[in-house]
Structure formats: C-alpha cells, structure tokens
Amino acid sequence: MNTSPWAALLNIFGVLLVAVLLAALLTWGERRLLGFWQDRPGPNRVGPFGTLQVVADMIKLFFKEDFVPRFADIPVFVLAPTVVMAAMLLGFAVIPVSPAIGVIDLNVGLLFFLAMSSMAVYSVVLGGYASNNKYALLGGLRAAAQTVSYEVFMGLSLMGVVMMSGSFNLREIVQAQENTWFVLPQFIGFLVFFIAGIAESHRLPFDLPEAEHELTAGFHTEYSGMKFGMFFVGEYLSVILISALITTLFLGGWLGPWLPPVVWFLLKTSVLIALFILLRAALPRPRYDQLMHFGWKFMLPLSLANLLITAGVLLWIQ
Amino acid sequence: MTGVIAQSVHIESPYSAEAEAFIGDLRREYGQADYWLQPDCLDMPTLWVAPETLLPLLRHLKTEISRPFLMLYDLSAIDERLRLHRGEREAQQPQSDFTLVYQLLSLERDLFIRIKVALPESRLSVPSAIPVWACANWYEREVWDLFGIGFVGHPNLRRIMMPSTWQGHPLRKDHHARATEVDPFSLSPEKQRAEQEALLFKPEEWGMSRASDSSEFMFLNLGPNHPSVHGVFRVALQLDGERIVDAVPDIGYHHRGAEKMAERQAWHSYIPYTDRIDYLGGVMNNLPYVLALEQLAGIPVPPRAQTIRVMLCEFFRIASHLVFYGTFAQDVGQMSPVFYMFVDREKLFGIIEAITGGRMHPSWFRIGGVAQDLPEGWDKMVREFLDYMPKRLREYEGMVLKNKILQQRTRGIGVYNTDEALEWGATGPGLRATGLEWDLRKRRPYSGYDQFEFDIPTYDGGDCYDRCRVRVEEIWQSLRIIRQCLDNMPSGPYKSDHPLTTPPLKARTMHDIETLIQHFVNNSWGPVMPAGEVCVAVEATKGLNSYQIVSDGGTNAYRARIRTPSFPHLQMIPLLSRGLLVSDLIAIIASIDFVMADVDR
C-alpha cells in the first residue's frame, strides 16, 4: 500500500465518500429493484431513470421540520442516530477494496468490524429508549434481544474462515482465497453469516425492531428530518458493509480474472446487495419469539458444528 | 296501472315451510303464550313480547327449542313516534314509542326470526341480553348510543359510535340529520382539550388493573392511525411485555350515519350510499337493499338482470378477497403479493368499468334490475379474465399459502370454534373456516343463486391461516359462478317493467297521461314504496349483510337498519388475542378482513 499522506487522505475520503454515496444511491436502487420485482415502475420521475430521486429525497429530508418531542430524553435522542452512521462508516475502514484501495490494514480487522457492528445497535436501543414512545420502546427491546442472540453466532460463523486463513487481517484472508473462495469450504459459515448479517442490518425478514405493520415504525417512530435520514442511511450503509464483508471473507474479495480488482469487488458486493433486496421483496416476517428460537436453537448449534468440523478437518489435513 | 302513484302489494308470502315449522314448534314447546305473532310481517316470523318476558323467550329460543336459534344476528331499534302505518285491525301493532328489534338466526332451520319489544318513551329500558348472548354487548351499546334505550345489567353501557361527549341520540327522529340544522360548529381550545381528554383510554373503566403482582402493565393505543388496522380503528392493549393481557377495540371513527341518511334520501338516491358501506364490496352492497325493496313492492326481477347481478357480485367478491389476500400477506410482513393482486384487481376493475362505468362504487343496481344492459363485447373481456386468473391464483398459492414463515405466523393463531363463532355472531368465511358448511347462497338462495353450481369451501382449523384459505377457495368458486353466468346469460330485459322501478322506464310515457305523470313523479320525488317492513340478507364478501327496511308509505325509508358482518367480527378481537403477542394481533386483524366503513356505517 502507498504510504504517502496525500494518497492516504485520498484513500480515506474516497472510501468514505463512495460509501455514503452508494448508500444514498441505494435508496433509489432498492426502490427501483423492488418496483421491478413487484410489477410497478418505482421512482422514475426525477432525472434519468429517476436517479435524481436521491437528491430530491435529500432536499426533502433537509427541509423537514427537525422535530424533537418534548417528552424525549433530548441529548440521547439527538445522539442516537449519529452512532449508527459513525459505527458503520468506521467499519468501512478495514474493508480492503483492492490491493491499492483500503483505509487501514489492521491485524485485527475482522474483530474491529464485529466491534463496530455491535456498536451500531446502541443507536437503535438508545433511540428507542430516548424517544419515550411505546412503539419505539418495543422496537428498541426487540433490537436489543435480536442483537444479543445474533451477535453470538455471527462471530462464531466467521471463525471457520479465520482458521482456514490463519489470520484476522482481511487482506490476508482475501489473499488466502487465491485458489478457492471460502464460500465453498465454508458454505455453512457463509449462510449463517449472511442470515446474521440481515439480522444485524434489521432488514426484512429480520426487521422486527422496525416492523412497520406491528410497531408503526418501531425505534424511529419519533424521528423526522435528517435524524431519520441518518437511521435510513445507516441501514443502507450496514447493508453495503455486510455485503462488502461477505465479498471479502467468502467470495474472494477483489480476486477475479480480466477485470480490474475494484470492479470485481464492486460487482460481487452489488450482487449481494441485490440479494438483500430480493429477500425483502420475497419473505414475510417471522414472529419475535420464533426469531429467537431460530437463532438459539438452530443457528447457534449449526455454527458451532461448522466450527468443530472445520477445526477437525484442518487438524486432520495437517 | 291503477293510479298516479302505483299501489303495490307484497309479493306472495315467502313464509316458507321452515317458518311454519318454527311457529308450530314454538306453540308446542314454549309453554307460555305471552307473545304476539305479527300477522302482516311476511319476510320472517315476528314475535312481540313485553320487556319482562324478553329474556325467558330468548333463552328458550337459544337453548331449549328444538333446532335452536344459536345466533343473535342483529339487534337494533326503531323510533316509532312519527310512524303512521303500523298495521290495521288484527295486524295493529302494539302501542310503542321505541321498538327494539332482535333478529335471531337458526342455521339448522335456515331461518331468521324477529323479536320485537315495544317500549314507551317514559320507560326506555330492558334487561340486557348479554347473559344469553355475549355478542349482545356491542349491539346494546349501539342502541343505547343511537336511541338512548338502556339495558339493565350491561357491564359497560357507554357510547360506541358517537364521541362520548355527544349530546342526544342521533337515530331518534327529533335529532337533527344535517349540520345545517344546528348552529355552526366551533372548536374552542377548552372544548378541544375536553374532547381529547374524553379520548384518553382509562383502563379502570374497562375493569383493568394497571399492574399485576409481578409487573406493571403497559397500555398501548394501537390506532386509530396505525398501518395495520385497516382504517381508523383503535385497539387499546393491556400489555405485559409484548404479551397481550387484554384488548379493548374502540370503533366509531368512521361512523357517517348511513342509517340516518337513509331516512332523508329517496329510495332510489340512497343506492350510492350503500356502495360505501363495505367499500370493497361495490355492488354487493346494493344487492340486499334493492332485494329488500323489490320484496316490499313486489317487483319481479327479470332473469337477465338477476344473472347480471350475480356475475357482478361475484366479481366484487373476487376483488374484495384479492385485497384481503394481499393485505393479509402484507400484514405478516410479506411485501410483494399485494402488488400482484392489485394488478389483477385492476384488470377486474377494467371489466367492471366497461360494464358499469364505475370502479369501486358503481352503484349500478336499480330497484327492479340494473342500470343498463351489458355492453357489447363484455363476454370477451370476462372470458379473458376467467382464463387469466387461475394461473395467477396458483402462483399466489406457492408464494403466500405455502410459505413456511407465513404458516408459522398464522397457524393456530386467533382460533375460534363453531360454537364460539355462533355465540359471537361470526358469519361468512370466518364461520366456514371453523368447519361449518353454511353459506346463505346455498341455504336461502336469492337472486337465482340456486341455478348455479358451486361448492362451499370449508376448513376446520378456525385459525388465521384457514380463514385465508377459505377466502382463496372462494375466489375459485366465484370464478366458477362467473363462468356459468358467461355461458348461460339469459336474454330479455335488464330491468323490470314494474311502475316502481327506478329510474322509471320511458317507453310508454308519450302515450297516455297516467304514465307520463307516473314517470314525472317517480323521477322527481322518486317512487313511493308501500308501507311495510322487510329484511333481506345476502352472503356478502365478509359475511352476512342485510338491510332491514321500514317503509311508512313514503318516498324514503322510515328506518333503514344495515346489519354488517364486520361489526360482530371486531367484537371478537379480545377473545382471539388474549395471551398472544402484538404480532399475532396483527395477523388476527388481517385475517378477520374488515373495513371500518362496514363496521361503523
């Protein structure tokens, strides 16, 4: 990696900017894709193919009354949405986009990501608690319970990859996939992490903290304007982050023939993002307790078994 | 034709063998003779009793008589104070200022009966029927709210349709019917505060405690503005965590006084109002109204008109069930099906529009027939739809009904059995989902349904999932009925030749002065219906819907009672949701399939 300060700055702001822009663009992309799958046009009025919808939405969000309810716990209420944005953007720091692009090359990159994704839940829980609204409170409670149960095997599902590559460093993990992508030997780990990733980013079918049909808007019921916008962008950031991480860990990151590494990386990530959106279009939402049962009684044993088998196979090979 | 205003008589008594059998059974098995059988009520047996003997008679009819009347089908009242025609000689009805009307249904007998109680203005109270039928609760509250008749022993006799701050009882004849009859409305800050205060949910009023031994309850207002309550409907929930301890449904936010409007609209001009009762049912709402008037005036409906009516009603049954199907999936979190189903509904509305010119509210049935003949090429459109729909339905089955997550969410949730359904007045698909094969179209056919071949789908789980499956099967059966309409559409007139049909036929107006005057009067005042009382029920999209029409020999209804299926269904919500989670409540609400206009009228 280039170490000149200008290149480093370019790297940092480049990744930051692209991440935020992608998240913003995704607000349009998701609606267009959903529209496509649901036999309807989706937003297609502003700009070519509706691409400027993002700008229109931003203008709308900025000019909305930034309402803080009198009954809310105001400092927490104001801070909560920033946490998710900050945590998710920090998470991007460890993602190796290509051999040349990537903000920081941490030895514990994977752990750093897990830490950041755990941080994000504070946003939801505190937002729900500080709103002093019953729907928001129920949403916050659900988020806390959901995160506690899904965090556990989210970490466990990645340990197979770590064992196979022998490193927590994401760059080394990518390089370890030179011959085979980890999605093949670690297919169970991939599935478990993918499901946990949906739960982490609170997307259908795991959008229980939000659960429009039950809790009106769940934890962000009381939020409006740019504060709501931050939750919104935070959610898309986490979708991108999880997709980028799955690409890095299981799909060989930037590796691929013919095309430049960045293109490969973006391509793989986009496919995963589209998969996220497709799931949202296709599946209903399980009940809260069913989700917990699924997590503790099915996913956790599965990821433990995966861990044991991987360890066993690795020992046997050596 | 005999005069300027056509005199008409009831058509030959539809007093069937079942009704005769019931009267025989009553004479034999009910020891007392403390009732009076009204001889000129030709739509169903009508018994008058004194307030003291009401409960013993109701109890006898529910529990002791052979083939009992298990369902309290309806309960309402009539303000008789301005009524002129109350029968003559031996048919003279008892002196009464307010008459309570209990309507019972026996599924075994396929028979409705009416129990009437005459009340003087000085003593407007009767014992509550809740000990006999649990579902009397809301009906009695409604009668109290709209007529001011008290029910002794009712646990919570408070207003249900009107705001608790309302003055007067709207369906009384001395209550104003239009805002222009009273002073302009103003809302001062104090009044606004008082109104808001009145909307506050106070658990104590409903016998709920604020805390148990182990925990403090949370009271959650689900609605009146909530994405999943299908309109303006509030359920106040008593929650322990996310578990529902108890629920209090609160209705009335959509109340528009449709029954009061019937008393000022001409017979003909009330038809569009009926469309807006179950606003997903379209012309299905016109049907019981025009059928009742046709029975009252003795208007024979030509076969073509009947078949057109059946076809359109079944189209609207499909349209309504498609909305149900989509929103049901949506309420358990599945985003997409509703869009596909609205596409189909749009196709269906294309046909409705080609035939009637309207879409959701065509108001297309007329007294004596339908508004116009079918347009050229209707059969092609209908055939295309019939060929298109089955493939889509099979796709939805894989998408929705076979989805494991959806099954987990809805199986075994919100269960009631047949006995509970009858006790609470549940009809329609909700009743058939408990395993009971009872459909009014088969059991008491109207509008020529006996000419069609179709099955009554049933499932016996009685849960949310089965309520959905019954409706999906009903879409298939409706397609079958429409196919038969298409293949066998009779020729002939689309409207009866009777002088009371609306709008009056014009063919002979230029030939003689009598028919010219008849035409002029019927067009300007509207027709004058003969005095009498009649009630006709139909199997509407959501259950049994009936219009009970009291005519005082005028150009508009003296009283029109609209019995809608959704009203008793909503009353069951606490029964179904106790002990379950908030998410389950949403599935239950979705599976009931109601629209608030149908509940509040």
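Numbers here mean position along the shown chain, with the first residue as 1.
Positions of Cβ are set from backbone N, Cα and C atoms, glycine also.
Per TrEMBL, the features are:
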type: TRANSMEM; residues: A:6-28; note: transmembrane segment
type: TRANSMEM; residues: A:74-97; note: transmembrane segment
type: TRANSMEM; residues: A:109-129; note: transmembrane segment
type: TRANSMEM; residues: A:150-168; note: transmembrane segment
type: TRANSMEM; residues: A:180-199; note: transmembrane segment
type: TRANSMEM; residues: A:236-256; note: transmembrane segment
type: TRANSMEM; residues: A:262-283; note: transmembrane segment
type: TRANSMEM; residues: A:295-317; note: transmembrane segment
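For the transmembrane segment (A:180-199), the neighbouring stretch richest in Cβ pairs under 8 Å, chosen from A:6-28, A:74-97, A:109-129, A:262-283, A:295-317, is A:295-317.
A contact links the transmembrane segment (A:74-97) to the transmembrane segment (A:236-256), because at least 3 Cβ pairs that are 6 or more residues apart lie under 8 A. Looking at which of A:6-28, A:109-129, A:236-256, A:262-283, A:295-317 has the most CB pairs under 8 Å to the transmembrane segment (A:150-168), the answer is the stretch A:295-317.
Between the transmembrane segment (A:236-256) and the transmembrane segment (A:295-317), fewer than three CB pairs separated by 6 or more residues in sequence fall under 8 Å, so the two stretches do not touch.
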